[in-house]
Amino acid sequence: MALEEGARSCLMRFRHRLEDDIKPPYLMDHMVTDGVLTGDEEERIKNQPSRKDQAAALLALLLMKDNRAYISFYNAMVQEGYNDLANLLHRDLPLGLPEGLKRSTDCCTPYVQTVLSEGGVPQRPVVFVSRPELVNRVREKLYRLQKEPGWVTVFGMAGSGKSVLAAEAARHHGLIEDCFPGGIHWLSIGQLDKPDLLVKIQSLCFRLEQSLDSHPLHRPPNSLDEAKERLRFLMLRRHPRSLLILDDIWDSTVLKAFDLHCRILFTTRNRSLADSVSGSRYEVEVESGLDENKGLEILALYTKTKLKGLPEEARSIVRECKGSPLVVSLIGALLREKPNRWRYYLGQLQQKQFKRIRKSSSYDYDALDQAMAASIEVLPDEHREFYKDLTVLEKDTKVPAKVLAVLWDLETEEVEDILEEFVNKSLLFVDSHNKPFLYYLHDLQLDFLVEQNRTQLESLHSKVVHQYQQHYKDAHSTSGDEECLYWIRFLTYHMAKANLFQELYSLMFSLDWVSTKAQLMGPAYLINDYVEYGPILDKENSETRSQFQEFLSLNGHHLEQRPFPDVVQLALSQPRTSEVYKQALLQARDRATTGKLYFEWLNKGSVESLSRLVIHPHQGSIYSACFSQDGAKIASSGASKMLKVFKSTSGEKLMEIQAHDDEVLCCAFSPDDRLLATCSSDRKVKVWNVERAMLLRVFEEEHEEQVNHCQFTNSTTPRLLLATCSNDKVLNTKLWNLNKPSSQNTIFGHFEPVNHCCFSPSDTYLSTSSNDGTVKLFHTSSANEWKTINVRDAFAESDEEVLVKCSTWTADGKRIICAARNAALVFDVETSDMLLEIRTNRLSTVQYCHACPTSNLLAIAFSNYAVELWDLEANKKMADCSGHLSWVQRVQFSRDGSQLLSCSDDQTVRLWETNKVHTTSAVCLKRDSDVLFNDEEIIVSAADNCNRLQVRDGRTGSVLFQSEEKPSRIRCTSMCRQPSAVALGQEDGTVQVLQVPSGNLLATLLGHTKTVLHCRFSQSGKTLLTSSEDTTIRVWRWQSGECRVLQGHKEQVRCFSLLPDDAKLLSWSFDGTVKMWDVESGAKLQDIEAHRGAILSCRVSPDGCLFATTSADNTAKLWHCETWKCVHTLSGHRDCVRSCRFSWDGRRLATGDDNGEIRLWSVMEGTLLRICSRDGKDCMDSLHGGWVTDLHFSPDNGLLVSTGGYIKTE
């Protein structure tokens, strides 16, 4: 909002006078604190050559600001003693305050000083920090006493600053003149008995009489009743329009003595006291703490230090006491005498040594503990015991009355009455926005209780556990309400604090507890428990603790799904020696007696999971995830428009913000971890305070297209900068100084969208990666281009455009790695020469890469769901990090290189331990495999990631045969029982047959000109059939090399089926046709154009009468095998229909699509029987991470098993 015209004219009118007199540095301190002046603006004004030039620059800046800046400037002049100049500006103060408050707020006028001095109102404390919002609220209530008598209650907990606030509210010329021309009279009360109260009223009467011109009455009142009448007479007759301020009222009987039908403001810790008196009542609650800047200002004033000069301990002190004015003032007073004891007093505060934090002449109590104890001592004995029980609460935890009803064995209504008393006495706080109400303690109150009851902590926590066990004898609370959530979250905490270790073991080593807590609260709290109580659990069985923790870490993303997955089935995937598996097996066997189906993973011992933690933070693709600099937190963002922050140890959510109006494409921590930057498709860049989850800056004017990436400098010195890049054609890269409203520099050089920007380790250079096929390096200080690296030159053999996705610097800053197409390219920064080229297969693209800050490792993210680790020195792949179910969008090492994270379109973030991953064998099998079942024997053949063919025992995982590394990628494999052989098809069109287990080459079959996609032996083993991208199918008498070519398809033939007698072959292709062939003669028996799009699967019914096809045209069709007529067209899928399967009785057909939806159809009628989708009431979240790749019915047709990213039963 612009500055009001009256205020602007006033500044212009008195500009020269202001320039002659004011000293800007002192005024600017206040204005920076008020948030109307930035540090950069202050610095720029201070750099002016003279005081007068500084004043002129400050006034010029004010004219460009808003009403808040004018008011702050005015208040700064008042506080710095420029009373005459402040009065010049007062008349044109912007509107918004009551009319009386627009009159001079100069508290130092002789009139104000005289009235307050005569009335005994305390002076401002030596160190005073304004709380204008609260002061104005009190004054607004006092204005309501202008026309009629009444009460204003100022209430709050001990040390919240009530007395200073009351005195400050009275320190106002307009208020006194309008409402209380008879004067303002202050009386300090405190905890009094009747004789002391009489003395107080006697002294007040004497003071009121002394202020009159007449002689005082000679005899003071002898009784409380007489004193009350004397005071009534004086207040109503002699001082009819005056205000009486009663400071620190504790008792309603004391307050009733002043029920005189006059105007009274009183301060108290007990909100309900006003209920005991008559007349109009108004109240103002004083928050328990100052905001951080106000707290720091108090410490700065006490220690005579500038805000910027305060040590880091100052901020910690304010945070530790939650901004309590009492504590900050007590410590400030101590530091004034001993300015080198910042760390000492912070330590005392953290160790709850309240007796050491003493001495403040303006407060009734010698130490902080005395102030708090006084509030508790006035409670009845029984309620004091109840209050002691609150010692067991965790900090920042709110509890419903029902929890305490269990603890105290009382009715909920009785508990609510007790808690209301605590709230009224400012001993407890209530969150009334929640239903039911939630109650909580201030940190200082809780710290005091813990200190007071330190010797009884164990018994107090034992009482909590005992009462819970008594109340919930049969089973845990699972209602999901606030009471239930408290018990499920904190039961382990109370057991640990009570040293009830056996109970803790029994609870946390129980799969039932894991299932209950995970379903109600998610896995993060559970993982936290195993981390936090690990030392305790390890005393019982460290191996079992490790097994439960690993199970949760690797399956947490499943446990966040809704509907909630079957924990028993998940646990059956654990190693057989695991206690998790053993408990799951017992439960599975028990449930199997009721007809429930469970899958047993036979060869799980051969698979090692390398992920340390899997988090499922968002609904929708995750485009960005990053470590905080200390590695303790992870931020993530994506298609959900949200920004979320998690603990990296457990996945516990720390922050969640609706960050943008569109997809959030990137997030980045500042080097000190205090800030997070985000950028979005909504063209905005935002900066957030991490601790407060508060928006600090929005840059929305300069980027006109989506902002793709953001990154802070690696250090805050010489100054913190933020780099952003966008899809803008020209003005696409910018550098931002967070203290400025517009960009500091716009970097020119690219004329196509810039996908990524990255500072060098020293922050000297900024690299930018663009769709123009280049990476450019710019000087950070000047924004001038240093050099261009032409990445597209590395792909000169192709005419396709080269989009550079990202770049990353090695730790020494001498090399830069760029991601483009299917390669990561390493360049020498100084010479721009390409040093190394890491190329992957042509079917996947490199999405992102990141160089480890502490080693030679490079992490690469791929579109084929993989993450690979490479050693740049050895030019060798060190590991495959498998587990993602869709495109991997981002990878990042932690700053110390010990961890690696990856995020994906599969909605998960995975954490990997770098050392564990890259020192583990990099061997893993690819998905193109064949399985041979022979009685109890299971044999699996597949290519590994080193492009060797492996044959393994399916039950044990042991290797029966391993070929040498093949020069061309293995794309398919097939096994033959007799003779014992395995065939493999390769990307270059070659087919080989190897003897098992010797590995001898039995045949090399040449003929295909492109990738071999599928191969299959006939039942006799004498014939091998292969299909290829070259559109042909070949029938080989492989032992003799004789070949018959089946030609007719116009596009690649991904698969085919041999009919039961091996005499006929059914093939389908991306050309939309289905063909039937005679295997022996090679004759084409049938040929139909089945679909408008590519055919993705084809199945024959069990009786051989029908076959089904599914297609990229979103339909499935049923065909008659004899007539080849279309029987039914099955429409309704909204994406490619990827898979299908007949039930064993042939009555139903299941189809699955690329959106994760499964449909069940009647074969006879072609009608839809059921839909299983993430949108329906039968919703199965994250179905297969997208595509449904295969479907199978159980032999009794009662269950349908679907595969994709996950296995599901329906």
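Cβ from N, Cα, C; glycine included.
Just so you know, TrEMBL annotations are computer predictions that nobody has curated.
Each residue in the domain 'CARD' (3-92) has a pLDDT score, and their mean in this model is 82. As annotated by TrEMBL, domain 'CARD' applies to 3-92.
What TrEMBL lists as repeat 'WD' is 657-698 (among others). Residues 623-630, 633, 635-645, 704-716, 720, 722, 724, 726, 736, 738 of the same chain lie 6 or more positions beyond the ends of the repeat 'WD' (657-698) yet place their CB under 8 Å from a CB of it.
Taking H, G and I as helix, E and B as strand and the rest as coil, DSSP gives the repeat 'WD' (747-788) the counts 0 helix, 23 strand, 19 coil. Per TrEMBL, the feature repeat 'WD' maps to 747-788 (among others).
Packing against the repeat 'WD' (881-922) from elsewhere in the chain are residues 557, 608-627, 629-631, 634, 636, 638, 646, 648, 847-855, 857, 859-863, 865-869, 871, 945-946, 1182, 1184-1186, 1204-1206: each is 6 or more residues past its ends and has a CB under 8 Å from a CB in it. As annotated by TrEMBL, repeat 'WD' applies to 881-922 (among others).
Sequence-distant contacts of the repeat 'WD' (1005-1046), counting only residues of its own chain at least 6 positions beyond either end whose CB sits under 8 Å from a CB of the stretch, comprise 971-979, 981, 983-993, 1052-1056, 1058, 1062, 1065, 1067, 1069, 1071, 1077, 1079, 1082, 1084. Residues annotated as repeat 'WD' in TrEMBL: 1005-1046 (among others).
Taken from TrEMBL, the feature repeat 'WD' covers 1046-1087 (among others).
Per TrEMBL, the feature repeat 'WD' maps to 1088-1129 (among others). Residues 1051, 1054-1055, 1057, 1059-1060, 1066, 1068-1076, 1135-1142, 1144-1146, 1149, 1151, 1153, 1161, 1163, 1165-1166 of the same chain lie 6 or more positions beyond the ends of the repeat 'WD' (1088-1129) yet place their CB under 8 Å from a CB of it.
TrEMBL lists 1130-1171 (among others) with the feature repeat 'WD'. Long-range contacts of the repeat 'WD' (1130-1171) within the same chain, counting only residues at least 6 positions beyond its ends with a Cβ under 8 Å from a Cβ of the stretch, are 1093, 1096-1103, 1105-1106, 1108-1112, 1114-1118, 1178, 1180, 1182-1193, 1195-1197, 1200, 1202, 1204, 1210.
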**Study point:** Three-state composition of the repeat 'WD' (881-922), taking helix and strand from DSSP
**Key:** 6 helix, 18 strand, 18 coil
